[in-house]
Amino acid sequence: HRCLYALKVGWRVCWAKAEEEDEQRHMAFLSHDISMLRLFETFLENTPQLTLLLYIILRTNKAELSQGLGMGTAFLCVSWSLLDYHQSLRSFLQDKYELSPGSSVIYFLWNLLLICPRILAVALFALLWPYGVAVHFLLVWLAMFLWVSLQGTDFMESAGPEQLYRAMVAVILYFSWFNVAQGRTLHRSIIYHGFMLVDSALLGLAWLWGRAPEEERSYLVPVVSAALPCYLLGLGLRATYYKWLHPKARVRQEGRYDEVDANGGGDGVEFRSFLEPELVNRRMQRLAQTHFSLSQPAQQHTLNGAAA
C-alpha cells in the first residue's frame, strides 16, 4: 500500500508545475521511508527465505529453472537494496557528489561478494545440523544485539521501540554490515568483518568435516573453496571503493573542504535543512547523521533529499 501510494504521489509530481514543491518534498519523504523499510524487509524476510531456498536445493541435489532464476534474482535484490539505501542516505547531505555509475557498480559488487559466501556457509551448515542453525543464529544474534546496544543507538523515541530496532539491526548484522554509530567506521568494520570471516569459515569447515566423503554433492567442495577468495575479493573491492571511488562530500568554506566520514576534530558535513519540519523524514535523517559526520552549519539548502 505504501509503495502504491508513493507511485500515486510520484505520478502527480510528474505532471505538476515546477513551483509545486510541497508534492516534491512529499514524494522525497515517501522515497526515503520506502528505502529504509525495503532494507529491513530484505534482511528480515527475503534473505532468510533465500537461505532456506538454497538449503532445499542442496538437500534435494536438484534445482528447477524457476528456482535458479529466483535465487539469482534474490541475491541481486539484496545487494540492490543496500545500494538504494546508501544512495538515499547520501541525499540528505547538503553539498555532495552523487555516486557515479562506476562507484555504484563497485558498491553493488562488494556487497554481493560478501553476502553470497555468508548465505552459502549458513546453508551448508544447515545440511548437516538443521537445528544447529537455529542455535548458531541465536548466539550470533545475541552477540550482535549486545554490540549494537553498547554503541548506544538513539533511533526511536522510547526505550521499547529502540530495543526492537536494535533487534532488527542484529538480524541484518547476521548477514551484512550495518552502521549504527557516529564517527569513523574503520575499526568497527574491521572487527565485524573479521568476526564474520572467522564465523563463516568455521561453518564451511564444519560441513567439510561432517559430510560423508562418498556423497553425490562432491561438486560443492570447489564451490566452498571458492567462497573464501570471493569474500576476500569483496573486502578488497570495499577497501578500493572507500579509498578511491567513494564520492567525498565537500563544502567550500574559508578555503577549506569538508569531507564525508571526516573525523570529529575537523569540519564535517552539513546536512540539508527543510522548509517545513513536518515533511522531514526524521528517521532517515538521523540514520544519515549516523552514517556521515555531522558538522557546523555552512550554507543552507532546502530540499528534502533531492537525489531521491
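Each Cβ is built from the backbone N, Cα and C atoms, and glycine gets one as well.
As annotated by TrEMBL, transmembrane segment applies to 68-85 (among others). Counting same-chain residues at least six beyond the ends of the transmembrane segment (68-85), those with a Cβ under 8 angstroms from any Cβ of the stretch are 35-36, 38-39, 42-43, 46-47, 49-50, 53-54, 57, 104, 107-109, 111-112, 115-116, 119, 176.
A Cβ distance under 8 Å defines the sequence-distant neighbours of the transmembrane segment (105-126), meaning residues of its chain 6+ beyond its ends; these are 47, 50-51, 54-55, 58, 75-76, 78-80, 82-83, 86, 99, 132-133, 136, 175-177, 193, 196, 200-201, 203-204, 206-207, 220, 223-224, 227-228, 230-231, 233-235, 237-238, 240-241, 245. Taken from TrEMBL, the feature transmembrane segment covers 105-126 (among others).
According to TrEMBL, the feature transmembrane segment maps to 133-152 (among others).
Feature annotation from TrEMBL assigns transmembrane segment to 164-181 (among others).
Residues annotated as transmembrane segment in TrEMBL: 190-209 (among others). Cβ atoms under 8 Å from those of the transmembrane segment (190-209) belong to residues 114, 117-118, 120-122, 124-125, 127-129, 136, 140, 173, 177, 221, 224, 227-228, 231, 235 of the same chain, restricted to positions at least 6 beyond its ends.
The feature transmembrane segment is assigned by TrEMBL to 221-242 (among others).
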